[in-house]
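Here the structure is laid out as structure tokens; the discussion comes afterwards.
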């Protein structure tokens, strides 16, 4: 019931907004000028021609082709169209993402139930609908970009891994890499997270079985002692000693189950490493499908001579460390009612005070490191400066570059944002999981020279799904903020379109 309700509510805005967008903006917009002609070639059966400006794999085009092929018989029977290429119009291709957005909202609902079983259907429905309003995801639902289908595949992979269906999860991971190459990092992240849960579950079961056997042996000893008082004391001691030694030997063979130190990341990693090493063959066999996806992807990268398919000179791997910091601020800002409040600031301050020296050193090191990053590794990509139809163009020009000191003044905000985000995740996940999340973000974002908020969508969904925001009022405020940004952005897009300035020597879009 919850799934159907979420799908119905999301469809209530997707259908009318899609119709409005296709009526007012019928022609390809921005990157659609590359994606739509390429998909239409696939609809004509031309799989050999490739636009050299397209950097991502053809997963979206194959998805649209399958979508069109599934609808073509009915459309032909109704005499609406006569050929498959005729069906693949701009509006139809955009509807691929509309369908994917509905599927994505249902996946969000299922993930909320899986991650928080006590949440309940009503709250899960409410939260799933609000999360579906996330502006970056919402806006590109109505255009022919790879983002919505990419997110849907990654979330399907994540959900299957939580349900212990690892082969299906790896299959969705392979599909996800066909939409965006960087999704291979999220395949590795999901595999690592699932492996940790798998090992913990196995060790937990072994620990329970071991404890049960030990109690059973002790119970037998008590009964034996009651029924046989003539037993030689030394024999009884020898028997109990043997039982104890056997129990200790079995326990040492299984692994040390009790945590070495719950508060230490290093000890948590060490304990996990011991468990993984003890169960390495089980883990390797169980998670081999993920490994196969990673190996095949690596081989394809080697054959291609790089990770991007086209426009390689504009997408060179660069050490763009501030990109990692930008995501922290953008994610915390997208969840501002949970992160930028006096209550959260007080909680973080109390956390720092528990270990004044250690936390002070960590904060100071973070500030210094971030200052170095913004000073030496801030990158203004040509695409960022050339196209003023993106919010990032104005953020870069009007905020980050407003004054030469501004990028340094923002560093404490970056550090606070990441501190708040990791603290929030630490309430629901192990420290190792949080570390893996940070590493995955670093691998996805740091090599990317272009500041593009669309790159933040997948990590943001992992963040919000694993954040424990309990107050309904905070969710309401988040929903209002998302809806406001969605409406304003769509109104600007539809009714204040940009036009190319044809003045000599000027290359920009004007309102």
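Cβ from N, Cα, C; glycine included.
What TrEMBL says about a protein is an automatic prediction, not a curated fact.
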When you get a sec, could you say which of 323-342, 343-362 is annotated transmembrane segment by TrEMBL?
323-342
Of 79-97, 98-116, 117-135, which range does TrEMBL call transmembrane segment?
98-116
The transmembrane segment (405-425) vs the transmembrane segment (323-342): 3 or more CB pairs under 8 Å:
yes
Against which stretches of its own chain does the transmembrane segment (323-342) lie, if we need a Cβ under 8 Å and a gap of at least six residues from its ends?
134, 370, 373-374, 410-411, 413-414, 416-418, 420-421, 424, 441-442, 445-446, 448, 451, 453, 455-456, 459-460, 463-464, 467, 469, 473-474, 477-478, 481
Using a cut-off of under 8 Å between C-beta atoms, tell me which stretch among 98-116, 136-160, 363-385 contacts the transmembrane segment (473-495) the most.
136-160
Folded-back contacts onto the transmembrane segment (136-160), same chain, C-beta under 8 angstroms, at least six residues removed:
14, 17-18, 21, 28-32, 35-36, 39, 56, 59-60, 63, 90, 93-94, 96-98, 100-101, 103-104, 107-108, 110-111, 114, 166, 168-170, 172-173, 175-176, 179-180, 183, 186-187, 190, 453-454, 456-458, 460-462, 482, 486, 489-490, 493
Report, as numbers and ranges, which residues of the same chain sit near the transmembrane segment (432-453): CB under 8 Å and 6 or more residues beyond its ends.
136, 182, 185-186, 188-189, 192-193, 196, 265, 268-269, 272, 315-321, 323-324, 326-327, 330, 379, 381, 383-384, 390-392, 395-396, 422, 425-426, 459, 462-463
